[in-house]
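Novice: Could you have a look at this structure, given as structure tokens, before my questions?
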């Protein structure tokens, strides 16, 4: 009889944060909205707060960067560690150190699903439908997968069953699709800058932006719009039709997460051939099931916000059962190891975090070391062939551990 590998138990979980309202500004990392001045990601982008003129010009003005980066590290009895980052900051540290630790420490490093289910059920009374608590749970879940991979000496994608393709091809999200084309990406997704409070003039301005980029990028390069929950269904339908002459591939997250009937209406009335996508700010498996039922074309969960890798795999199965694509929102290596195993993810997103989109900067810079970036718009599976998620924590960052247990 062959010997079975004996797996260690988890000795301790620790939580740090960087950036956010109680620390240094512009820290970047897991909270990638926390950038310095003159960055495209904070330049008059349409949001649900844009209708208030005091908060129209900058997303940081209404506090998009107040949370900061949460770093969760889990240590096994043999001294090996796994870690992950997300957006939850100091408050996420409290949840990990004062509540979730009891479900983690003492468990086997392979008990990921058990820990995940216990965290979800234990926080139901204060987690609502996602948000900060789910971001924190997601970060713990990712750290557990990282630890498990490092203990058994395998990359996470092999723990999920292995790659179904040799490489991941990417589109780029940022203000300059024309530069993304030069870098080898298959498409470029731009933020909208106007919303319902701007009326038809706003539609004309955003449609003109798409027209300009279509002229610069040529006929075949994908162009998409990210609306970041800033519209109502009537405005979204009008904008979609205004952009149809420029072969807009999809229109994304036009409505707030819970407006399922609105998404159904938008999909029904969108121009033929234009896809409707959403999911970035949905925070539970149940919400993705309901979103899938609206008939949208692509679901876009963020693995750092939706419940972690454990939930992302379940979301992909829901999408696959309906013939839908699942294309996660950004998330770097945490997405890479998942999507290369999904048959319904033919491409993925790369978020441009350089201020003017002119250079390739790792999404979670500077908190991750050895974080890969696409080369000619692609990442080969061999780049992912390192234990766990294949990245290391940059301990030279200003890490703060406000709580312990």
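Placed from the backbone N, Cα and C atoms, the Cβ positions cover glycine too.
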Novice: Which of these, 33, 39, 336, 337, does Swiss-Prot say binds substrate at the same site as 59, 349?
Specialist: 33
Novice: Please state which member of 215, 265, 280 Swiss-Prot lists alongside 226, 252 for binding Mg(2+).
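Specialist: Candidate in the recorded Mg(2+) site: 280.
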Novice: What's the CA-CA gap between residue 59 (substrate binding site) and residue 329 (active site, proton acceptor) in angstrom, rounded?
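Specialist: Distance between the two Cα atoms comes out at 19 Å.
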Novice: To the nearest whole angstrom, what is the C-alpha distance linking residue 349 (substrate binding site) and residue 329 (active site, proton acceptor)?
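Specialist: About 6 Å separates the two Cα atoms.
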Novice: Give the residue from the binding-site residues 33, 59 that has the most other Cβ atoms within 10 Å of its Cβ, counting over every protein chain displayed.
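Specialist: When each Cβ's neighbours within 10 Å are tallied, 59 tops the list.
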Novice: What whole-number Å value do you get for the CA-CA distance of residue 33 (substrate binding site) and residue 329 (active site, proton acceptor)?
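Specialist: That separation, Cα to Cα, works out to 14 Å.
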Novice: Enter the number of other CB atoms within 10 angstroms of the CB of residue 349 (substrate binding site).
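Specialist: I count 24 other Cβ atoms within 10 Å of it.
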